[in-house]
Amino acid sequence: MNQSPPGIIFNIQRFTIHDGPGLRTELFLKGCPLRCEWCSNPESFMPYAQVGVYKTKCISYKKCAACEETCPQENILQFTRGKLTSIERHDCTNCLACHNACPSDAIKLWGKSMSVEECMEEIRKDKGYYERSGGGVTVSGGEPLLQSEFVAKLFQACRSEGIQTCLESSLYVPWKKVQNVLPYTDLIISDIKHMDPEIHKKYTKVSNDKILKNLIKLTAEKRNIILRIPVIPNVNDDMVNIESTADFILNELGGKIRTLQLLSFMRLGEEKYTALGLPYKMKNVKVNRRSFQKHIQMLAEYFNQRGIHCVVGTKEK
């Protein structure tokens, strides 16, 4: 097998059950061209390793100061009441010296370079569980197809060992990158965030045109696809958008999807935004969980009435 560039991975989760069938090992790759306001993984945005600051874990400047002593830049580490609270990101060279010096995990590293074989060593640990549960490997992100060459080689390695593969992708990439991985991909999970290109751009910073075109191409190739809608209050949960989404699935995709999954908005990841010095734009969004779940269930019933197999959550039944 030809050598591929290493993958930049920020998390590997074992025994996941939400992104594909059975028990799975899920790899999360760095880098994403979208900036969805509700994203729970802001550490996935940038395509390189970076650090986050967790001030509650800081020992204190007086007792330690290892980060300050090793940082090659001057005055970019910000301390409040003796504890590290933030980093001036525009002056940071991302050398990771502060993380390497920190003895208390107050400076957390997100992103690690891993070869295909290093990933396979992790994946093989649970091969027996995949076989018994009908599971396998899922690669997510971020946008994993920004590292499509790595994903293709990883999926080739999985296939050679009889391990099922699943790709979770926004599909906001050139079609060529999708084609790179298709021969080795058993299942694709993607989502439709909004049908209106301007509203889509308002909340994700990109248009939906490329995404929808790639979905059409995938269904034309008779690919195994699970579609999702992250249901965000007052963003995409109105009937105008829901009806437009159903029309697209039926008319443009020919209804050729395995399942449509509606995922309820959850306020997750706020602590990570703070650690990265980023604003969390959903901070003031308040949801009555019971009434919102009823609303989502009503939306699922609408899709099912239109002949689209739809469920609430990540299961398929």
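Residue numbers in this text run from 1 along the chain shown.
Keep in mind that glycine also has a Cβ here, set from the backbone N, Cα and C atoms.
Here is what Swiss-Prot records for this protein:
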- 18-306: domain 'Radical SAM core' (DOMAIN)
- CYS32, CYS36, CYS39: [4Fe-4S] cluster 1 binding site (BINDING)
- TRP38, CYS39, SER40, GLY142, ASP191, ILE192, LYS193: S-adenosyl-L-methionine binding site (BINDING)
- 49-82: domain '4Fe-4S ferredoxin-type 1' (DOMAIN)
- CYS58, CYS64, CYS67, CYS102: [4Fe-4S] cluster 2 binding site (BINDING)
- CYS71, CYS92, CYS95, CYS98: [4Fe-4S] cluster 3 binding site (BINDING)
- 83-112: domain '4Fe-4S ferredoxin-type 2' (DOMAIN)
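Positions of the features from Swiss-Prot, shown on the structure.
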{"residue": "TRP38", "record": "S-adenosyl-L-methionine binding site", "Cβ contacts under 8 Å, 6 or more apart": "TYR203, PRO230, ILE232, VAL235, PHE265, MET282"}
{"residue": "CYS64", "record": "[4Fe-4S] cluster 2 binding site", "Cβ contacts under 8 Å, 6 or more apart": "CYS58, PRO103, SER104"}
{"residue": "CYS67", "record": "[4Fe-4S] cluster 2 binding site", "Cβ contacts under 8 Å, 6 or more apart": "LEU77, LEU84, CYS98, ALA101, CYS102, ALA106, ILE107"}
{"residue": "CYS71", "record": "[4Fe-4S] cluster 3 binding site", "Cβ contacts under 8 Å, 6 or more apart": "LEU77, ALA97, CYS98"}
{"residue": "CYS92", "record": "[4Fe-4S] cluster 3 binding site", "Cβ contacts under 8 Å, 6 or more apart": "GLN73, ILE76"}
{"residue": "CYS95", "record": "[4Fe-4S] cluster 3 binding site", "Cβ contacts under 8 Å, 6 or more apart": "PRO72"}
{"residue": "ASP191", "record": "S-adenosyl-L-methionine binding site", "Cβ contacts under 8 Å, 6 or more apart": "SER170, LEU227, ARG228, ILE229, PRO230"}
{"residue": "ILE192", "record": "S-adenosyl-L-methionine binding site", "Cβ contacts under 8 Å, 6 or more apart": "ASN208, ILE211, LEU212, LEU215, LEU227, ARG228, ILE229, THR245, PHE248"}
{"residue": "LYS193", "record": "S-adenosyl-L-methionine binding site", "Cβ contacts under 8 Å, 6 or more apart": "CYS36, HIS200, TYR203, THR204, ASN208, ILE229, PRO230, ILE232, ASN236"}
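CYS32 ([4Fe-4S] cluster 1 binding site) and GLY142 (S-adenosyl-L-methionine binding site) have their C-alpha atoms 5 Å apart, to the nearest angstrom. It is 10 Å from the Cα atom of CYS39 ([4Fe-4S] cluster 1 binding site) to that of GLY142 (S-adenosyl-L-methionine binding site). Beyond its flanks by at least six residues, the domain '4Fe-4S ferredoxin-type 2' (83-112) meets 8-11, 30, 43, 48-61, 64, 66-67, 69-73, 75-77, 275, 277 of its own chain at Cβ-Cβ distances under 8 Å.
Here the domain '4Fe-4S ferredoxin-type 1' (49-82) is broken down by DSSP into helix, strand and coil counts: 8 helix, 8 strand, 18 coil. Cβ proximity to the [4Fe-4S] cluster 3 site centre (mean Cβ of CYS71, CYS92, CYS95, CYS98, cutoff 8 Å) flags the following additional same-chain residues: VAL51, CYS67, THR70, PRO72, GLN73, ILE76, LEU77, ILE87, THR93, ASN94, LEU96, ALA97. Most other Cβ atoms within 10 A: among the binding-site residues CYS32, SER40, CYS102, GLY142, that distinction falls to GLY142. Other residues of the same chain near the [4Fe-4S] cluster 1 site, with their Cβ within 8 Å of the Cβ centroid of CYS32, CYS36, CYS39, are LEU34, ARG35, TRP38, ASN41, PRO42, SER44, PHE45, SER170, THR204.
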